């Protein structure tokens, strides 16, 4: 199952007509140096003052389109197959597969919500979907990324209880508990990113050019980046590291006990287990 970088929507928010122009913070909190941008735009051989938002036939744009299309098709087809197989085959609806189903759905939504608008904005260098979709996409993108990341963390919890605490796994590994955990993942994802509905808006940067960008100052945006990195990456990563570390340690201890039961006392020398 394919995922998209959590910073994808953030990068998309700062698309400008000339990617080589230097961004500076103005007193109003905008991230564009308009005087420099106007000069660069006027020197662009593909620029037309009457039509800012249009495709420019450059090698970079064609490579971007092909790359996005390949990743999009692989992600949609792969995750769609997982969803169809689990839903159609009753024997596939195990507790673990319910979490995998939720992961496939979130990744499928991620591909549909993130990639098309990001691709269009990347090759025409402006936002052309209106203010409502600007806010909606800016909100939905981190929501589905958060849901995908925390579903992986929940799967780690499920594996931890199944291997390290098998007696308690009966409580954990039930359909009702799985549905509750999946619901909790989506509730956390929706609430943790709710402020995104109010953070992004359309901003003009040149004549007909519009950009979907944060409405707050660079300082607030920097704080937002730290928050999103922590919520989307660090927290689930730490959880999975701790849980899978415990699983590995438990399996190693179990292996020692099995070897001891078969071959007698054990001696461990420099990390190597030796039968005495």
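Start at 1 and count along the chain as shown; that gives each residue its number.
Using the three backbone atoms N, Cα and C, a Cβ is placed for every residue, glycine included.
TrEMBL annotations: computationally assigned, not manually curated.
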Which one of 178-200, 201-223 shows up in TrEMBL as transmembrane segment?
178-200
Dominant neighbour of the transmembrane segment (136-157) in 62-87, 108-130, 178-200, 224-247, by Cβ pairs under 8 Å:
178-200
Residues sitting near the transmembrane segment (178-200): Cβ under 8 Å, six or more positions beyond its termini, same chain?
13, 95, 98-99, 102, 134-135, 138-139, 142-144, 146-147, 150-151, 154, 157, 212-216, 224, 231
